[in-house]
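Undergrad: Quick one: structure below, then a few questions.
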Amino acid sequence: MQNEEDACLEAGYCLGTTLSSWRLHFMEEQSQSTMLMGIGIGALLTLAFVGITFFFVYRRVRRLRRAEPTPQYRFRKRDKVMFYGRKIMRKVTTLPHTLVGNTSAPRQRVRKRTKVLSLAKRILRFKKEYPTLQPKEPPPSLLEADLTEFDVKNSHLPSEVLYMLKNVRVLGHFEKPLFLELCKHMVFVQLQEGEHVFQPGEPDISIYVVQDGRLEVCIQDADGTEVVVKEVLPGDSVHSLLSILDVITGHTAPYKTVSARAAVSSTVLWLPAAAFQGVFEKYPETLVRVVQIIMVRLQRVTFLALHNYLGLTTELFNPESQAIPLLSVASVAGRAKRQMSYGPEEQLERSLRPSEFSSSDHGSSCVTVSGPLLKRSCSVPLPSNHGEVDELRQSQGSGSNTSAFQESHEGATSDLGMAYNRARILPHSDEQLGNSLASKSKKSVVAETPSAIFHYSENFRDETGACGKTDAIFRAATKDLLTLMKLDDPSLLDGRVAFLHVPAGTLVSKQGDQDVNILFVVSGMLHVYQQKIDSLEDTCLFLTHPGEMVGQLAVLTGEPLMFTIRANRDCSFLSISKAHFYEIMRKRPDVVLGVAHTVVKRMSSFVRQIDFALDWMEVEAGRAIYRQGDKSDCTYIVLSGRLRSVIRKDDGKKRLAGEYGRGDLVGVVETLTHQARATTVHAVRDSELAKLPAGALTSIKRRYPQVVTRLIHLLGEKILGSLQQGSATGHQLGFNTASSKWDLGNPPGNLSTVAALPASEDVPLTAFALELQHALSAIGPVLLLTSDNIKQRLGSAALDSIHEYRLSSWLGQQEDIHRIVLYQADGTLTPWTQRCIRQADCILIVGLGEQEPAVGELEQMLESTAVRAQKQLILLHKEDGPVPSRTVEWLNMRSWCSGHLHLCCPRRVFSKRSLPKLVEMYTRVFQRPPDRHSDFSRLARMLTGNAIALVLGGGGARGCAQVGILRALAECGVPVDIIGGTSIGAFMGALFAEERSYSQTRIRAKQWAEGMTSMMKTILDLTYPITSMFSGTGFNSSISNIFKDRQIEDLWLPYFAITTDITASAMRVHTDGSLWRYVRASMSLSGYMPPLCDPKDGHLLMDGGYINNLPADVARSMGAKVVIAIDVGSRDETDLTNYGDALSGWWLLWKRWNPLATKVKVLNMAEIQTRLAYVCCVRQLEMVKNSDYCEYLRPPIDSYRTLDFGKFDEICEVGYQHGRTVFDIWVRSGVLEKMLQDQQGTSKRKDCGVFTCPNSSFTDLAEIVSRIEPAKVAAVDDESDYQTEYEEELPAIPKETYADFQSTGIELDSDSEYEPSMLQGPPSLTSPEQSQDSFPWLPNQDDQGPRLEHPS
């Protein structure tokens, strides 16, 4: 049995072995056969390849051996169709321009050919290539200053004559005989190094002009050390206008602390100030103008620099009493004549109490005596609940609406006329002045009515009744006033002096008042206060005692009152109005000497010292103030005109760094840090500057250390302003503006003058100017000037070259009065058109958008001449006309234009009305307030720097909330002047910029959002994910179907889109080019859409949200005052799990799959990459949210995802409700009103201009500024602790009233009278009779003010 089993096992083993060997053998054979088969197939393929190659080579050789026959060309059918199609299009395109006649047959043929043209385009499918904006360098005149400075060698006049002419020009324009008279007194003085020109103790009676060499002006400190405050170079002078005034008035004084010496061997021209006395004797009317200019310089230059910028107040005035003894008043009051300046105060107060005039306890009025003129009146005070009555103005009258003063001697008082213009009054006859006294009754700031009002008359001698005693005191006080004013004719004050008694607490005049009076205190005191800089607190400057004047500086200069006058105790004083004083001055010009001398005596010795250091410069257009790399030795203040700052880069290219307007501080950073000039600054147009040397600034810091705080404040504003400027921030982030025409730096702002020029004869320039004036009137006082009203006001010869100075001076005065002056040029190159261009800060080239973009004659003249003012292209469109198009062609033909705007004009602008009908129509238009949403209001806000920008952020479907916010903006009356955005914000912003209405924007946005929810389109757009998941074809078509072929330049609103340039690693701001392409590029998320190739330079553009998701800083750089930023981006989770130093993916997997484990918040790789991509964006967003110009809004849309486009209506409603709530709060709290107010009119101008020294830090600046020596503590006035707080109610002016649209918006001071008068039309368009009331402060054509006539 065992053997059988073994045999079976052995047999089985043998069988297995046999089968295994068979299997191995089979596999070997199979592999061999497979190998052989492979070798065979390979051999066959090789043979086939060799055979095919041999065949083609053989055929090619045979072809080469054969003689090639002449080819027979033929047109393919599609080529024939293309040829005839192009031929048809050429014919159809030219035919409409050659058709003549208005018959129906030609019109039908035109329509047929148009249909054929469109059909041919569809069949042939031509790809239309739209023109692109050509990048051009700015014109040389824009960024380059004139190379020729004040050239003495090439002049035909001697150098001494040129230098003297340059320096006496500060006193006004002297005619040739007057200047030659002055030149007779010039003396040459040779000085050696170290030799003194003058020293303390010598009489201060001369003007010194350096012809060769250099002088040093020194001020002696209290410890005897001399400080150099000014270096005088050839062409400059050493003088004090206050000292010249002392010589003219006969009160010469010696130098006390000021000296001058020659730093090197020098030649000096010496002109004694007494030479002016001889000129004034021959030309008495010149005296008024020279004194007025000296007073204007004192107020506008000295006080502007020392008070507004350095914060000095009490240091500028002499608190000591300058009163004269009231001898006549003392004799009448029954007291002995005393030598003290403030006279018999108690006796006068008892004699002038209101009870003296009352006949009963109920306050019945005294008998009023009146003759042919109202010579005297007296009254009792009314109860306080009867309201406030302006007794000052009621007693004196303003006379602004009476007829002009007629005088027979033409041309004899031209300087007096200019003085009248600067003082902003209209001359009157004596009778008109007297009659106006009883007719004027106004609301004022005076708390109570005066106890007595008397008008002086030497012919009236009635001392009976209750008013007799006061009448005697009044006449006695008037005699003392005659003594102070140095008048010997009492009749000059006849009917021109008012005697007032005010109780304690009366506010007599307020700081900033325009219509002021000269007050002569008889009893009591008037306290003079001034508001501190950047504070509401008042400080007491000085007290006006009996025998002293106050208010005379503002009357002489015509400038606003620079302090507040208040009676803290019962006070009696004489009052002379501005109009009355100028009537006295017309008869006796030398009256200004006595009045001006009282102003000079009130100035402190410190002001006298600084007057030697301060200079008043006149700079012609194109002249460089300083150049980049020059030594910083002074600071400039712009008084009038405009300056431009240009920086030269290392590669030699120039960039516009900024512009400076009226009141701006220039070069202060380099001066304080003692660094070289960082930029070149030149004059855009003729400008006036105040020059403050660095030495004078150092001397002021030594004497008054509190100035250091003010300087640090100014520097802080400069630095913070530069950081908040969009251009600066953009350059730090790689701001790439290659797509813009050229880098403008800061857009035009702080403009004082704007000129409008027509691009063709068909432009309705008159209607355009009136519409723009109407829109500007909502911002501030505006004046429209044309050649017609200039000739009507100033005479037919006003534009002649002989009267250039007088015209320039008058135009400068209008700039002082108005917020902005609008110049309407003529249709051709006339002298007035040249004057408009010369005076303009910005030039508007007005064209018709429907016309061909041809260059007009005036534009060609602008290109040929070096006009430095920036030019803006304004294209007018009809309301029912086609949308803007072909803007690129307009801009490419005008390289001198730095920007453009499209205006949709009302029908009245294009109406074919005659001039009288046009005037009549606009008279009615000006009775209504302008529409803040109109395009003209948008232009007005952009010209004045008050534009409101709307910035829309990116966030996918959450951006649908922005449509709801647009609805809320429209309902709450918030205008939008500039719009832009990123990603979905760029899309929504483009829709609104194209439509300008919420309803159309919502319809088109919803249409696009519905297309984004299509699953089929999404699937069809999928591609192999090498660059992105989608090809972008479907997304491109969805956007291009919305915007078609629109260009960014053709949008109604200024628009910009933000993209990320991954080729240059920079941010791109797109303001021109194909609209749909740049919107698509701004919406290209990485991984989903491929980058868009920029059609201009081929750079790859991605979603702008990676670098700036809420570009409020870009909108700020485009000129917006306020930026409303709507943030709809997703918020990142910040509460993440702290997992330690290492992280295991298995641990995270366990935490995720285990339902019982605690959930952890750890970012995955995709989230980490996304956050890295948005790091720069988050940083930029925080900067924007913390800026003071940005109003940040974020609707509650966190619950919606990025691709929830199907919830469009729901998200839109969320945005609307949030926006309506926020904007309603703005309306109630006054935020919206503040947005719409002029930034220069609501608050003091802050110097947040261009940061001209970018290489310094704030710490260094503060350290350098604080480097001063100890100084004495300034004496504090004992009266400074008086109560200074007061409340005042300004008169309410009805909005529906409208006085005049040619001088719209004149500021109505708290003490001014508002009497609306309806005119028939603007002075530029009406006869002189119709236009008389539109310039109430200017004399009539027949007046003897600024009227200019030919010498013949």
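The count begins at 1 with the first shown residue.
Positions of Cβ are set from backbone N, Cα and C atoms, glycine also.
Heads up, here are the entries from Swiss-Prot:
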ACT_SITE  Ser983  active site, nucleophile
ACT_SITE  Asp1103  active site, proton acceptor
BINDING   170-297  nucleoside 3',5'-cyclic phosphate 1 binding site
BINDING   613-718  nucleoside 3',5'-cyclic phosphate 3 binding site
COMPBIAS  394-406  compositional bias 'Polar residues'
COMPBIAS  1323-1334  compositional bias 'Polar residues'
MOD_RES   Thr1284  phosphothreonine
MOTIF     981-985  motif 'GXSXG'
TRANSMEM  37-57  transmembrane segment
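Any idea what these are sitting next to in the structure?
TA: Under the DSSP three-state reduction, Ser983 (active site, nucleophile) is assigned to coil, being neither helix nor strand. Neighbour list (Ser983 (active site, nucleophile), Cβ cut-off 8 Å, at least 6 residues apart, same chain): Gly953, Gly954, Gly955, Gly956, Gly959, Ser1082, Met1083, Asp1103, Gly1104, Gly1105, Asn1109.
Following the DSSP three-state reduction, the secondary structure of Asp1103 (active site, proton acceptor) is strand.
DSSP assigns Gly250 (nucleoside 3',5'-cyclic phosphate 1 binding site) to coil in the three-state reduction, outside any helix or strand. Other C-beta atoms found within 10 angstroms of the C-beta of Gly250 (nucleoside 3',5'-cyclic phosphate 1 binding site) number 10, with every protein chain shown included.
Just so you know, the Cβ of Leu697 (nucleoside 3',5'-cyclic phosphate 3 binding site) picks up 22 other Cβ atoms within 10 Å once every protein chain is counted.
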Undergrad: Could you list the residues of the same chain, at least six apart in sequence, whose Cβ is under 8 A from the Cβ of Cys218 (nucleoside 3',5'-cyclic phosphate 1 binding site)?
TA: Glu226, Val227, Val228, Val229, Val258, Ser259, Ala260, Arg261
Undergrad: Could you check which of the binding-site residues (Met186, Pro234, Ser266) sits closest to Leu711 (nucleoside 3',5'-cyclic phosphate 3 binding site), going Cα to Cα?
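TA: For Leu711 (nucleoside 3',5'-cyclic phosphate 3 binding site), the closest Cα among Met186, Pro234, Ser266 is found at Pro234.
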Undergrad: Restricting to the same chain and to sequence separations of six or more, state which residues have a Cβ under 8 Å from that of Lys282 (nucleoside 3',5'-cyclic phosphate 1 binding site).
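TA: Listed in sequence order, they are Glu181.
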Undergrad: Provide, as an integer number of angstrom, the distance between the C-alpha atoms of Arg627 (nucleoside 3',5'-cyclic phosphate 3 binding site) and Glu202 (nucleoside 3',5'-cyclic phosphate 1 binding site).
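TA: Approximately 38 Å lies between the Cα of Arg627 (nucleoside 3',5'-cyclic phosphate 3 binding site) and that of Glu202 (nucleoside 3',5'-cyclic phosphate 1 binding site).
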Undergrad: What is the interatomic distance between the Cα atoms of Pro234 (nucleoside 3',5'-cyclic phosphate 1 binding site) and Ala683 (nucleoside 3',5'-cyclic phosphate 3 binding site), given in whole Å?
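TA: Rounded to a whole number, the Cα-Cα distance is 21 Å.
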Undergrad: Please give the sequence-distant neighbours of the motif 'GXSXG' (981-985): residues at least 6 beyond its ends with Cβ less than 8 Å from one of its Cβ atoms.
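TA: Answer is 951-959, 962, 1057-1058, 1082-1083, 1103-1105, 1108-1111, 1126, 1128.
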Undergrad: Per residue, counting other C-beta atoms within 10 angstroms of the C-beta, which of the binding-site residues Pro234, Gly641 reaches the highest number?
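TA: Of the binding-site residues Pro234, Gly641, the most buried by Cβ count within 10 Å is Gly641.
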Undergrad: For the C-alpha pair, I'd like the distance in angstrom between Ala613 (nucleoside 3',5'-cyclic phosphate 3 binding site) and Ser266 (nucleoside 3',5'-cyclic phosphate 1 binding site), rounded off.
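TA: With distance taken Cα to Cα, Ser266 (nucleoside 3',5'-cyclic phosphate 1 binding site) is 19 Å from Ala613 (nucleoside 3',5'-cyclic phosphate 3 binding site).
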Undergrad: Identify, among the recorded positions Glu202, Asp1103, the residue whose Cβ has the fewest other Cβ atoms within 10 Å in this structure.
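TA: Across Glu202, Asp1103, these recorded positions, the one with fewest Cβ atoms within 10 Å is Glu202.
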Undergrad: C-alpha of Gly641 (nucleoside 3',5'-cyclic phosphate 3 binding site) to C-alpha of Glu202 (nucleoside 3',5'-cyclic phosphate 1 binding site): distance in Å?
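TA: Distance (Cα to Cα, whole Å): 38 Å.
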Undergrad: Would you say which of the binding-site residues Arg627, Arg655 has the most Cβ atoms within 10 Å of its own Cβ?
TA: Arg655
